[in-house]
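Record features, source TrEMBL:
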type: TRANSMEM; residues: 6-22; note: transmembrane segment
type: TRANSMEM; residues: 29-50; note: transmembrane segment
type: BINDING; residues: HIS47, HIS173, HIS177; note: Zn(2+) binding site
type: TRANSMEM; residues: 87-104; note: transmembrane segment
type: TRANSMEM; residues: 141-159; note: transmembrane segment
type: TRANSMEM; residues: 174-194; note: transmembrane segment
Amino acid sequence: FNTISNIPGILFALIGLINALRQRFEKRFSVLHISNMILSIGSMLYHATLQRVQQQGDETPMVWEMLLYFYILYSPDWHYRSTMPTFLFFYGVGFAIAHALIRFEIGFKVHYIILCLLCIPRMYKYYIYTKDNYAKRLAKLYIATLFLGSICWLMDRVLCKEISHWYFNPQGHALWHVFMSFNSYFANTFLMFCRAEQRRWDPKIVHFFGVFPYVKIQKPKSQ
């Protein structure tokens, strides 16, 4: 269950990548969707093998992905544009080397949570400045799926022994993967909308078959 529950993450990232390429979004979003895909594949390999090397392939991309979110969120207002990607690149390489040499336990989780918290202020700023109700709904779905996924992960973590004796195991960790697949897609789509607004590409949230949201833009002819 923990292995196959990563499949939605790969599919959603593929959909986001196709949309980013088809509408010629900036390369950062293509890299972001590919990062989501790599993260899901790494998680599949780890849960299928439970080996230390595969665990590295699961946890290191998690940090790299958060560094990429940090860049996308903060780079539009960063005056020294070359310094941020350079710093984040070397930070990511340094973490990968340290994580390969030292086995982090609680330290990894604390580090990851800190990176997530650093993204919240800018994400909130984007939310309050966004007027489009459909885009705001994406941000709310992002929070809702993060909350529900975290509850599933926490319950599975804390009550693992008790739940294993139930007649039906709800597979909380697998549900965490599924909720986070939706969470990443909602976050990426919301950020694509906000970036398109900054570039004045007249973005709109439209729904495939009236259900699945994605960003549709209209670039000026000069672009």
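Every residue number used here counts from 1 along the chain in the order it is shown.
In case you wondered, yes, glycine gets a Cβ from its N, Cα and C as well.
Just so you know, TrEMBL annotations never went through curation; they're auto-generated.
Annotated features, which come from TrEMBL, shown on the structure.
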residue : record              : Cβ neighbours (10 Å)
HIS47   : Zn(2+) binding site : 20
HIS173  : Zn(2+) binding site : 18
HIS177  : Zn(2+) binding site : 25
- Query: So what's near the transmembrane segment (29-50) in sequence-distant terms, Cβ-Cβ under 8 Å and 6+ beyond its ends?
  - Reply: 2-4, 6-7, 9-10, 12-14, 16-17, 20-21, 57-58, 60-62, 64-65, 68-69, 72, 177, 181, 184-185, 188, 191-192, 195
- Message: Below 8 angstroms Cβ to Cβ, which residues of this chain, lying six or more residues outside the transmembrane segment (87-104), approach it?
- Response: 52, 56, 59-60, 63-64, 67-68, 70-71, 111
- Relative to the mean position of the Cβ atoms of HIS47, HIS173, HIS177, the recorded Zn(2+) site, which additional same-chain residues have Cβ within 8 Å? PHE1, ASN2, THR3, SER5, ASN6, SER43, ALA174, TRP176
